[in-house]
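Asker: Shown below is the structure under consideration.
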Amino acid sequence: MPSVASPVSPARRVAAAVLRRVEDEGAYADRALAGEAARAGLDGREHAFATALAYGAVQRRRTLDHVIARLTRRPPGQLDPPVRDALRLGLLQLIFLDGVAAHAAVDQSVELAKAAGGPGYRLVNAVLRRASREGRRIVEQLDDRTPEGAALRHSVPDWIARMWWESLGPDEARALLARVNQPAESALRVNTLAAEPVAVAAALAGREVAVRPAQLDGRLPGGEGVPDGEGVPGYGGAPGGAAAAVLSLPEGLVADGAFDLRGDPLFADGALLAQSRAAMAAARLLDPQPGERVLDLCAAPGGKTTHLAALMGGSGAVVAVERHPGRAEALRRTCARLRADWTVAVETGDASEPRRDGPFDRVLVDPPCSGLGTLQGRPDLRWRATAESVAELARLQGRILAAGAAALAPGGTLLYVTCTISPDENEGVIEAFLDADPAFALDDLGAELPRLRSRRAPRTLQLLPHRDGTDGFFLARLRRSS
């Protein structure tokens, strides 16, 4: 008997499968999506829609569940999981996604619930038809003038909203909370060990992929810069010698809209990889030189490691340390694919342990962190992190920073970088380290890129997604006295 085609679109089936894996297995949304999309053989357009659905439903879970509770008069946890998933996906489309017809959002969600069996599809139908009239108003009525209200409206735990309220101020915090539910930038790095940026941009343009050069604008509102840009690798001066306070990322490209990187031949050739502009800034600010010895602590998955090797032109040595054997092996494969294996030696080990192979000219310390600066592309991290885990991470980060600093040669440079917006993990770690070790001093990156400087520690940088259009990285550059 011939099989009957599912009435549910492939993208919606994939999104529903991702939601189940996230809740049932504790899977990471990005990894679950990659697996389910590959299994379903989604094309580029369907993959983009599945991403919007799966990421959006995970990101906005708290807000969606508030609407479900209002319209069903029962806690979402009391609903059968497939019914709850169908409601979340349907409400996401009705309230937050433009370009999706209301009848399609309702009908497809009902079919998802039907496929699970049982009478729950009737509830899905009734709730979503009502939500098509009332859903947006319910969300718009949420008052975001307090951290708790903003947390509910923008779907984060209260503690994150309170932390950002305190560290950034209410206006910046609200803008950041709104941004972390939007798609991440589609930034790419050309691997200069394998290709030239101009040639790669031309090849992409030939396939109708629009890209533009990457940079980070450090100018204050009104264009004010700084007297000179010395000390900032890639620093761009304005015509006539006036300072522009722009960090140039000449190997970086930003694509306009979603881009199927893994399906592109440039990826297979090792000429192109996905990397945010914030992540590219790390290697640029460390500024490794050909022939130097560089230590990279907590190196997987390898984007920064291979960027260091590329900036060194394949000359010198990068020792890349990764604790987890599986991630270390994946890092070796990445280095081989990107032609950096001649420069990079991958070591499986504990980054917080003392080194016996120093000293190094430069050290990159990229420790485990809460990842709260990457919530656009890693939607479930907001539900995994806790205030308690942040405190534990800060202690680990301090130990790794101390180990990296001890391995640095006199006169050497160390860059501490995280992908989070969390004062305890960022400024707090740096302040505690400097208090304990007077041999180190901070470079004043904030003076050179004033728009990007941290409010709490103005000599360091705190990138913000809503302001800078990239991941929320923290960067601090230290030098050891001679």
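Yeah, the Cβs are placed from backbone N, Cα and C, and that goes for glycine too.
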Asker: Pick the one from Asp287, Asp350, Asp380 that TrEMBL also lists for the S-adenosyl-L-methionine site with Cys298, Ala299, Ala300, Pro301, Gly302, Gly303, Lys304, Glu322, Asp366.
Answerer: Asp350
Asker: Once the chains shown are all counted, how many other Cβ atoms turn up within 10 Å of the Cβ of Cys298 (S-adenosyl-L-methionine binding site)?
Answerer: 24
Asker: Do me a favour and check the Cα-Cα span between Gly302 (S-adenosyl-L-methionine binding site) and Cys419 (active site, nucleophile); whole Å is fine.
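Answerer: On Cα coordinates alone, these residues lie 14 Å apart.
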Asker: Under 8 Å Cβ to Cβ from Asp350 (S-adenosyl-L-methionine binding site), same chain, six or more residues apart: give me those in sequence order, or none if nothing qualifies.
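Answerer: Set apart from Asp350 (S-adenosyl-L-methionine binding site) by at least 6 residues yet with Cβ under 8 Å, we have Arg323.
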Asker: For the S-adenosyl-L-methionine site as recorded (Cys298, Ala299, Ala300, Pro301, Gly302, Gly303, Lys304, Glu322, Asp350, Asp366), determine the largest distance between any two Cα atoms, in Å, rounded to the nearest integer.
Answerer: 20
Asker: State the mean pLDDT for the domain 'SAM-dependent MTase RsmB/NOP-type' (176-481).
Answerer: 92
Asker: Counting only residues 6+ away in sequence within the same chain, which have a CB under 8 Å from the CB of Lys304 (S-adenosyl-L-methionine binding site)?
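Answerer: Looking at Cβ-Cβ distances below 8 Å from Lys304 (S-adenosyl-L-methionine binding site), excluding near sequence neighbours, one finds Ala279, Ala282, Ala283, Asp296, Leu364, Asp366, Val417.
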Asker: Cβ distance under 8 Å to Cys419 (active site, nucleophile), same chain, sequence separation 6 or more: which residues?
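Answerer: Spatial neighbours, sequence-distant, of Cys419 (active site, nucleophile): Ala278, Ala279, Cys369, Gly371, Gly373, Thr374, Asp471, Gly472, Phe473.
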Asker: Tell me the Cβ contacts of Ala300 (S-adenosyl-L-methionine binding site) under 8 Å, same chain only and six or more apart in sequence, or just say none.
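Answerer: In sequence order, Glu322, His324, Arg327, Ala328, Ala330, Leu331 meet the Cβ cut-off.
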